[in-house]
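J.: For reference, the structure I am asking about is given below.
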């Protein structure tokens, strides 16, 4: 029998890039097929072709053995294909019903919307797959996990048989991810089929029936979770051996470098984003701040780096009070900042690499004398840093915008690490980077810790936090719920904290115990 | 699900904090207004003086007796009501009636002002309100034009230019043929200019404000040039005599005293406004067409993934909006002045945009704002006749002051469509 879906020789060229190179892929009825690959490997491009957002240059798509032409999302919907996008395609000011029926509206005589009938069908689907969604709620009032379920219903509403899920776990807490995997199982048990796109090895091992690895736009191979292990998958993904676990020596924290007491910060909408936070970071240790995105981490970092004045509280860097100081004063004290949005806050994209490397030192000798910049010095220092930090760029005069994400991040790291620093505030330092670059950045961070730098690491990636941190603080709705020693922190406990639930001590030790059993 | 609940509770708490400061601010404003009525209006007025409101506009057959009342005592009562409202607002708040009470207090204040201004004499209240309705027409229609565009994601500040050009074209065509063909030509002109705006912003992704500004400047230049070259010359006078749509008295309804002449004794533009407002409301919020139009203005990518043609929908909405603006433009010549003069729209296209914002992108709200602006407009015209120690220019500023106050977010911020002003690029994520 022909497979439910078959892609044959799909090729897509973007100017200067071969995004998909003769990709073959099959999906059988009732399976979860994971598409594993690094960022930029071409997974999303392939799925956008399948969903009609892009059109392929070569290759054919078959559904149930019949060739289909997909030029528009409508064609994909007709062929029974639906997609949950990485960035939700939901309209916040519309209700769940309006969002779901958009494009496939139920109408009464005269063209009037039949919201009741659509809501009834949504409730029916929601009950059938246990999705628990209220059709009359406004999407802007729903938590992220529920919004994702709305996206899933949107597909089921169109009676799709094939669901594409593009990095669905990126925005969820670990508990929500578990919930999602359960839902995916239910869907598959009821006869639907799922293509699951991800770059997270753990998730693939946990929920896929079959795994196809893509690298550089090509299919590298297919396997199953039974036959493969994470090490092997990582090697397939990156194309060389990768050190997944960073070796961490025991920390030896010295004097306090950053001290925060009772800090309160308002966000731009004048809501309290950081609510009465106290913590400290000492020389030679990494304090990780975990939490689902949007729980005040951004505002915390902006307050610490002088970009957003706090409303109340104390910030001390190396014994200096800094809440009212300008960012330059804070950087000159010996603090470095890797911002979460490297393109917006970390770099000036139109400037060349060399200029970006001196953004916070250009006013010092030897880069400037009097009122003039010393171009030779800037170029020399730029070349040296490019060499030292292995930044892949044609020259130091290339605009940073032409570099890949990983190399852009290396430019920031090079700039910050080339100064004598005592405090590093790193916010999402590896977001959107490939495994190779992540490995590199992690090594650099650990090297700084060895040198005795105090590091505040803010990340939404639990794996990263657990691997690198000595202590872990979990932020939820602007508060730090708890600060744990890294040895005591399990994913389970951190996940509960990230969802705003304070686990009891019994639960903590229980979880620890279970994890040890699994590990041994 | 616990998460949803706690989030909702938190939102409510935030709302509560916000409403509390709002509540007190409003209460203080009410008290200040009460004090103002008391100190300025009542104190300066002798107790024996009477105020007369004429309740029949000039030339109307539906007669109603004049309304005569003692000025000082009436105003004292009104000040007292305002003060009570203010006190209650501070202590308890009116909850869901807040906006209604706000409107009531504002109404009382304006009424007090009128009573005071005409004390010892008379003011034609019915005439004032009748003119209000007339002046609201281009503002409401223009606001709905802007709404069609912005709800679909295209910012259109070229309403003024579209009105002006269509006013010009309709005058010439109507002079050569008849009123209806002239009006139709004006509507099509608006649609044509909107199509150009669409090509610039949707296809070539030009900044919407720049495109709109260019169109406004172009419209001003071309109509002024052609007008001074032809329409204002005696040789070509036949091109500038379009005539005007006649007044139609609605049978029965127009005979109702006071209300009849104000609402039901106008030319077809006023009735068109009354019909278009509910029509567009239903279309936007209760039909498939409206849902798709709004989705394209909120999140075009989402609409695209559901198989809605973003580009086509936007063109359709922008051109319809332009046609609406064109229709509004023909009002100036075929419905109001009966001839074309340079710059006769006098910035009404921009006020219409303010009315759109003021009315929170809703047709009914837009008409409310249009009526409010229209009221001040007609009041400033009347004020020169009244013996008020306030220059009429100052009253003329009131609509704009009100707009600034509203846009600053005093009465709750208006919610613009999320993707308004952003051109859609299909291949970018």
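From the backbone N, Cα and C atoms, a Cβ is placed for every residue, glycine too.
According to TrEMBL, the record shows the following:
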{"type": "TRANSMEM", "residues": "B:21-41", "note": "transmembrane segment"}
{"type": "TRANSMEM", "residues": "B:67-88", "note": "transmembrane segment"}
{"type": "TRANSMEM", "residues": "B:100-119", "note": "transmembrane segment"}
{"type": "TRANSMEM", "residues": "B:125-148", "note": "transmembrane segment"}
{"type": "TRANSMEM", "residues": "B:155-174", "note": "transmembrane segment"}
{"type": "TRANSMEM", "residues": "B:180-202", "note": "transmembrane segment"}
{"type": "TRANSMEM", "residues": "B:214-231", "note": "transmembrane segment"}
{"type": "TRANSMEM", "residues": "B:268-285", "note": "transmembrane segment"}
{"type": "TRANSMEM", "residues": "B:315-334", "note": "transmembrane segment"}
{"type": "TRANSMEM", "residues": "B:349-373", "note": "transmembrane segment"}
{"type": "TRANSMEM", "residues": "B:394-412", "note": "transmembrane segment"}
J.: What parts of the chain pack near the transmembrane segment (B:155-174), using Cβ distances under 8 Å and only residues at least 6 beyond its ends?
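T.: Sequence-remote neighbours of the transmembrane segment (B:155-174) are 138, 142, 145-146, 149, 181-183, 185-187, 189-190, 193-194, 197, 201, 208-209, 211-213, 215-220, 222-223, 226-227, 231, 239-240, 242-243, 318, 321-322, 325-330, 332-334, 339-340, 343-345, 347-350, 352-353, 420-421.
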J.: Tally Cβ pairs under 8 Å between the transmembrane segment (B:268-285) and each listed stretch (B:100-119, B:125-148, B:180-202, B:315-334, B:349-373), then give the stretch with the top tally.
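T.: If we count Cβ pairs closer than 8 Å to the transmembrane segment (B:268-285), B:125-148 scores highest.
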J.: Mind checking which residues of the chain, 6+ beyond the ends of the transmembrane segment (B:349-373), have their Cβ under 8 Å from one of its Cβ atoms?
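T.: Distant Cβ neighbours of the transmembrane segment (B:349-373) are 132-133, 135-147, 150-151, 157-164, 216, 273, 276-278, 280-281, 284, 325, 328, 399-400, 402-403, 406-407, 414-417.
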J.: Who are the long-range neighbours of the transmembrane segment (B:100-119) in its own chain, taking Cβ under 8 Å and residues 6 or more past its ends?
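T.: Same-chain contacts beyond the ends: 26, 30, 33, 36-37, 40-41, 44-45, 49-53, 69, 71, 74-75, 78-79, 81-82, 85-86, 89, 94, 125, 128, 375, 383, 386-388, 411.
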J.: Could you pull out which residues elsewhere in the chain have a CB under 8 Å from any CB of the transmembrane segment (B:315-334), counting only those six or more residues past its ends?
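T.: Distant Cβ neighbours of the transmembrane segment (B:315-334) are 137-138, 141-142, 144-149, 151-152, 154, 156, 159, 162-168, 170-171, 174, 179, 182-183, 186-195, 197-198, 201-202, 242-245, 269, 272, 276, 293, 296-297, 340, 344-345, 348-349, 352.
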